[in-house]
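As given in TrEMBL:
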- 39-57: transmembrane segment (TRANSMEM)
- 88-107: transmembrane segment (TRANSMEM)
- 113-132: transmembrane segment (TRANSMEM)
- 144-162: transmembrane segment (TRANSMEM)
- 168-190: transmembrane segment (TRANSMEM)
- 211-231: transmembrane segment (TRANSMEM)
- 237-260: transmembrane segment (TRANSMEM)
- 272-293: transmembrane segment (TRANSMEM)
Amino acid sequence: MMPNPWILAARPKTLVAAVMPVALGTAFAWHDQAFASTPALICLVFAILIQIGTNYANDYYDGIKGTDTNKRIGPTRAVAKGLISPKVMLQATIAILAVAFLVGLGLIYYGGWWLLVVGIASVVCAIAYTGGPYPLGYNGWGDVFVVLFFGLIAVPFTYYVQAGTFSSVSLIAGLGMGLIINNLLVVNNYRDIEEDKPAGKKTLIVRFGRGFGLKLYAGSYLIALSIPLVLAGMNILAWWAAAIVPMSLMLLASLNTILLKRAVTAEDFNTVLGQTAKSVLFYGIAFNLALMIG
């Protein structure tokens, strides 16, 4: 039986990318005795809604542009397959992002009116990733977008609305989270290279090849797993606690890199995507644990 097309379009495997940055920022707030449940919950709901809205927007724009074709070996796209009409998908995208923005307004109470800028930027970029006059994902900026919004913004800003101040440490940790989440995009772009080329979607992997994509994937894991050790060197974490993260993920990261290199079929790539999503989850859990006990 075909799953509900709205669930398909929401791409549930990617929602871990919305949850883990908020969890990590909250863990840093807890570590600094600044945990506040209400702004943390608002951040979580906002992040999940933005992620779903972005996925709906991607489904819509890739569908109407013809990027998603019958030759696609990735997950089913609702608009391209005719499961949801473009008009209805666009309406759903706007509705989800509007609700996300309204939810995010609650953070103004904790962080000030200037957070409107962050909220507006999040909504605009959710659409601009594949839509608008200069779609970021079609011009090689997708990876920058992911690292920025899912790492360098999501983690420290979650900390900020709880602690009332910025933390350079949470920014450094955000880099690691952003890089490991970006590996989800790397898998997608690695898989879709033959579709993206004729569609004019100039991802980094289209520009520089699959060899580059594999190095980006492995290198992102390497840097992300090194971040807790950097924090230990800064006396933020105990060395034994920081070591939990690389020790927990090193084998999985190596296995995922091998699986990506060998992937050929749709099933292969779906496996790698699922495994990469697991690595994001485990990275967040291990990092949170390190902060709580170290």
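Note that Cβ sites are derived from N, Cα and C of the backbone, with glycine treated the same way.
Those TrEMBL annotations? Automatic predictions, nothing curated.
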Stretch among 39-57, 88-107, 113-132, 168-190, 211-231 sharing the most Cβ pairs under 8 Å with the transmembrane segment (144-162): 168-190
Contact between the transmembrane segment (272-293) and the transmembrane segment (211-231) (at least 3 Cβ pairs under 8 Å, separation 6+): yes
Winner by Cβ pairs under 8 Å against the transmembrane segment (88-107), considering only 39-57, 113-132, 168-190, 211-231: 39-57
Chain residues outside the transmembrane segment (113-132) and at least six past its termini with a C-beta under 8 angstroms from it: 46, 50, 53-54, 57-58, 60-62, 65, 93, 97, 100-101, 104-105, 107, 138, 142, 145, 149, 153, 157, 161
